[in-house]
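Trainee: One structure follows; several queries about it will come next.
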């Protein structure tokens, strides 16, 4: 039996021009390409928030995308990450947009 790579979970909130620019759709697409699970949703204060889970290197790739790239029409001012922790199993089976 091979040693499983540690799984990570992290919450995020993205600030800037991230609503009305297909940010959630692009986030969902990118998460599926990278191979992480979790969710994304708009907040009432104009930010986008969510959670990402998966192998550490894939979570790190998604964190980079959420910090620097986003959707083509977005402008990311900053991204806050919180509650980063190692988990024993994934809490989600896919990545979804929440409303």
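Cβ from N, Cα, C; glycine included.
Sharing the features that Swiss-Prot gives for it:
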MOD_RES   2  N-acetylserine
DOMAIN    9-99  domain 'Acylphosphatase-like'
ACT_SITE  24  active site
ACT_SITE  42  active site
MOD_RES   93  phosphoserine
Trainee: Return the average pLDDT for the domain 'Acylphosphatase-like' (9-99) as a whole number.
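Mentor: Here the mean pLDDT over the domain 'Acylphosphatase-like' (9-99) amounts to 98.
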Trainee: Would you identify the secondary structure of residue 24 (active site) according to DSSP, in three states?
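Mentor: In three-state terms, residue 24 (active site) counts as helix.
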Trainee: Can you check which residue among the recorded positions 42, 93 has the largest number of Cβ atoms within 10 Å of its own?
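Mentor: Max Cβ neighbours within 10 Å, all protein chains included: 42.
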Trainee: So if I draw a 10 Å sphere around the Cβ of residue 24 (active site), how many other Cβ atoms end up inside it?
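Mentor: If we count other Cβ atoms within 10 Å of residue 24 (active site), we arrive at 21.
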Trainee: Between residue 42 (active site) and residue 24 (active site), find the distance joining the two CA atoms and give it rounded to the nearest Å.
Mentor: 8
Trainee: Report, in whole Å, the straight Cα-to-Cα distance of the residue listed as 'phosphoserine' from residue 24 (active site).
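Mentor: Between the alpha carbons of residue 24 (active site) and the residue listed as 'phosphoserine' there are 18 Å.
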